[in-house]
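Visitor: Sharing a structure, written as structure tokens. Questions coming.
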Amino acid sequence: MKYIYNFLLMIQFLTRIPVKRSLPCEKEDFRRGAAMLPLIGLIVGCIQWVVFYILSKIFPANITAIFIILVGMVLIGGLHQDGLGDIFDGFFSFKGDKEKIIEIMKDSRVGTFAVLALIFDILIKYSALSFIIENNMSYAIIITPIMSRCTLVFLFLIGKNAKKNGTGNLFIENVSVKEFIISFIFMIVPSVLLIGYKYSVIIIVVSFIITLAFLNLCNRKIGGITGDCLGANNEIVEMFTMLVFVALLYIN
């Protein structure tokens, strides 16, 4: 029963899907709940796929792609996009010490680099989704958010906190190999079932390479990772996952 509560906690904490229940919120609950993140991605991906299925009957691919992106943002309340913007503002608008970069990341004002990053994020997803829809690989819509959430659990495991306090600290350095293995199983099973073994392996390898590269950047900039880093990694992995799908479709 506690795992069900932890799953509901993740839905309540990481999405805008209403869960009207008082749930335990101890660090142990977040540790167990972290293993469920790919299932959160599965829920988001399935809802986006339903939007695709309905709208593709009445709209062309480019219009459908816009609504898929919009629904994804609404479901998570723009949480990951906010992290992406904060990271680009902090990492690229200032060259200095860790404390100053983190201070910029916490600033509620949106800077030039944040705007550019979000525009690029949306354009990549829009272009990739349009191509994916036109080439009948709609299951990529489901796989992408599953894959990105699994890489977050990987970061929880191998990353270290850049700040003493923060939302990300509920997860970072708070999971064991056990939770990561569970999350990997939750990711690999639907991936193989929907897109096959070969495509799954390629996308997994690319996703984890991108995650390791981003972790290295975070370590150099601020000596670890924060909640913003997690959101940014989610968006970056989703972009690259979609681009890999496009490349595989284009090559074949």
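Cβ coordinates are placed from backbone N, Cα and C, and glycine is handled just like the others.
In case it's useful when we look at the structure, here is the feature table from Swiss-Prot:
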TRANSMEM  35-55  transmembrane segment
TRANSMEM  58-78  transmembrane segment
TRANSMEM  113-133  transmembrane segment
TRANSMEM  139-159  transmembrane segment
TRANSMEM  170-190  transmembrane segment
TRANSMEM  192-212  transmembrane segment
TRANSMEM  231-251  transmembrane segment
Visitor: Mind checking which residues of the chain, 6+ beyond the ends of the transmembrane segment (58-78), have their Cβ under 8 Å from one of its Cβ atoms?
Guide: 14-17, 44, 47-48, 51-52, 122, 125-126, 129-131, 133-134, 141, 145
Visitor: The transmembrane segment (231-251): which same-chain residues, six or more beyond its ends, come within Cβ distance under 8 Å?
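Guide: Cβ under 8 Å, 6 or more out: 79-84, 86-88, 121, 124-125, 128-129, 131-132, 135, 137, 140, 143-145, 147-149, 151-152, 155, 199, 202-203, 206-207, 210-211, 214-215.
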Visitor: Grab the same-chain neighbours of the transmembrane segment (35-55) for me: Cβ-Cβ under 8 Å, and only residues 6 or more beyond its ends, written as numbers and ranges.
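Guide: Long-range Cβ neighbours of the transmembrane segment (35-55): 3, 6-7, 10-11, 14-15, 17, 63-64, 67-68, 71-72, 75-76, 133, 138-139, 141-150, 152-153, 175, 178-180, 182-183, 186-187, 190.
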